[in-house]
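Let me begin by presenting the structure, written as structure tokens, before commenting on it.
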Amino acid sequence: MRSWVLHAGVLVVSRQLEEDHHHHHHHHQKCRWAVPNSFSNETTVSPRRLEEALLGSSSSYDPSVRPSVALEESLEAPPDNVAVRLRVHAFSIDESEQTMWVRGLLRVAWKDWRLAHERAETCTSEHEWVMTDVNETWQPMIYASNVILSRIEMEPAISKLSADGTVEKSSLVDWTLECPMKAKEVPLDEHVCEIALRSHSFQTMHVVIEAGEDPTVDTSSTEVNLIWRLESTNARRTIERDGDKEYSRLELEFQLRRHPGYHLAFSMLPAVLFLLVAYNGFFIAREVAPARVSISVIPVLIMRLLLNNVYAQIETVSYQLYLGQFLNICMWITCGCVFEYSLVQQLLQQEKVAAARRTALRIMGARLSDKAEEDILTEHAGHREFSAAFEHAMSHVDRKPPTQAQSALPSSSTRKIMRGVMMRGYPSKGRAAVIAPQTQRNMVQLVRTHSARMTTAAVTVEVEVKDQEEEEEDEDEDDDSEPYPTVNPVFQEDLALLKKIFDRFDADRSGAIEPKEVSNVLRYYGVYISSAVARATVLNYYFFNHMRIPKTELPSLSFEQFVDFITRYDEYAVGHESKGFTSQPTSLQVDIVGRYAFIPVCFSILCIHYLAWFGFSAP
């Protein structure tokens, strides 16, 4: 029972489909074209038969005559209107060649009343037919005037004819067109490229080109472009003059905006990263030259490579590019890191020289010390072949602390040298001199007046007893012997050098060195302390020498005190040097400045550069 019902339902549906098909077929048989110039009211559904009737030898159609001229039968007939539409399938921009490539479908439509024909009244919709030969009708001869290269497609152009005489010619285009670009704002730039369409043969008085139905430029099927984004399109009518002739021109404008992600990812971001690589060089020990040089030079080479990559994509121009300037600024900053390290190397060399000066200063201090003076006395006494023992007199000398700072004197050796202690009886060449009794008494007095700094020592002088005749001969030779200098010439050079340094760093010419100036002097000798630590060191010197510490003014050192202080600095150093900026070597100070200033300076420069291009000049 169920099977019979199903079978009956199929029969009913099948019969209904047959009736609908018969009705639809009957309807199409009535919708036909009326053949023009036919005396028997012939109708047809064949486009070829219709084309023969309209364009064949039996018709009066002349493709060399414009439609309006044929209608008015006058050469001064109104111009024919030609509507243009473009469907863009793909496009690309070649910045180096300044061109735009477009592939799409170009539709050109015009109305030719001579090709109008009737259709049956039973036709409920518009019916177009494709012409077999597009050149049999009049053509407006539309082409792109700014095209550089046009590739021929395998598919021929197609012309469709409507019953009202509208002819629509469709052709696939593959054009490379001129596209002058100003790439100054790369990668945030916008450009307008255009396709200039005009008639090849007909002037404005003959053909007027106008925009077709909206949208004139259809980009709905445009392929996605990785670098450029098609923002909008526009159609604009203009007049193109060629000598004394004017031609109607339709400009199809393409508003293009660059995708910034490409250059941001492959140019600007690597540049910023290598700026940070160069920044890390400030934290590498300045003594490790190979590592510092490598981390400074490699970013410069990378910036140059990025610049070459950008310029290879863009035509060589005389104006500046934002992206080019950005990369150049980054390259100059990395070059600054190279120059910074060259300065650090020069300062390191100066610091090595300062360390050598301090070594020489220690030697100088040894010469100016009490022990050095004792050695000199022993040497001169030995040459005279006298022998005597002088006990150190410090234990017999009562030392009273001075009552004010200016009365404090430096150590005994430097004081006696600066005051010109006389040492008589300078030995002659090749002979031993005899120390007279008065000279011996002067030497004893000299030793007895040494300060408390001298250590217990004995000076041994060999005494040679001579008879009266030898003394007379020695007195006769006194006139020929060389004069004995009052001060050791080496000591004179040492003191002259210290005096020169004292005057050099005495900036206010006050005749005294203040803590700030003491700090500068110590830097000259490779000792790096701040002004505060220098002041503490000077106060330490005051304390050890029982000097009154001033309360209303800065402690200072006279030249004599300066000589004692600088030659015995290790004894007065406070031992807790500050780790602040001013207590660092100059080479390290330069690196510290780079560490703190590099990122803010880079950020400020790049922001000002961006605002100069896009901020201040923005409307």
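Positions of Cβ are set from backbone N, Cα and C atoms, glycine also.
Taken from TrEMBL, the feature transmembrane segment covers 262-282 (among others).
The annotation transmembrane segment is assigned in TrEMBL to 289-307 (among others).
TrEMBL lists 319-343 (among others) with the feature transmembrane segment.
Per TrEMBL, the feature region 'Disordered' maps to 461-486.
The compositional bias 'Acidic residues' annotation in TrEMBL covers 467-482.
For the domain 'EF-hand' (493-528), the list of distant contacts is 351, 354-355, 357-358, 361, 364, 367-368, 417-418, 534-535, 537-538, 554-559, 562-563, 565-566, 569, 577, 582-586: same-chain residues at least six beyond its ends, Cβ to Cβ under 8 Å. Here TrEMBL flags 493-528 as domain 'EF-hand'.
The feature transmembrane segment is assigned by TrEMBL to 596-616 (among others). Cβ atoms under 8 Å from those of the transmembrane segment (596-616) belong to residues 185, 188, 275, 279, 282, 322, 325-326, 329, 333 of the same chain, restricted to positions at least 6 beyond its ends.
Sequence-distant contacts of the transmembrane segment (289-307), counting only residues of its own chain at least 6 positions beyond either end whose CB sits under 8 Å from a CB of the stretch, comprise 267, 270-271, 274-275, 277-278, 280-281, 324, 327-328, 330-331, 334-335, 337-338, 340-341, 344-345.
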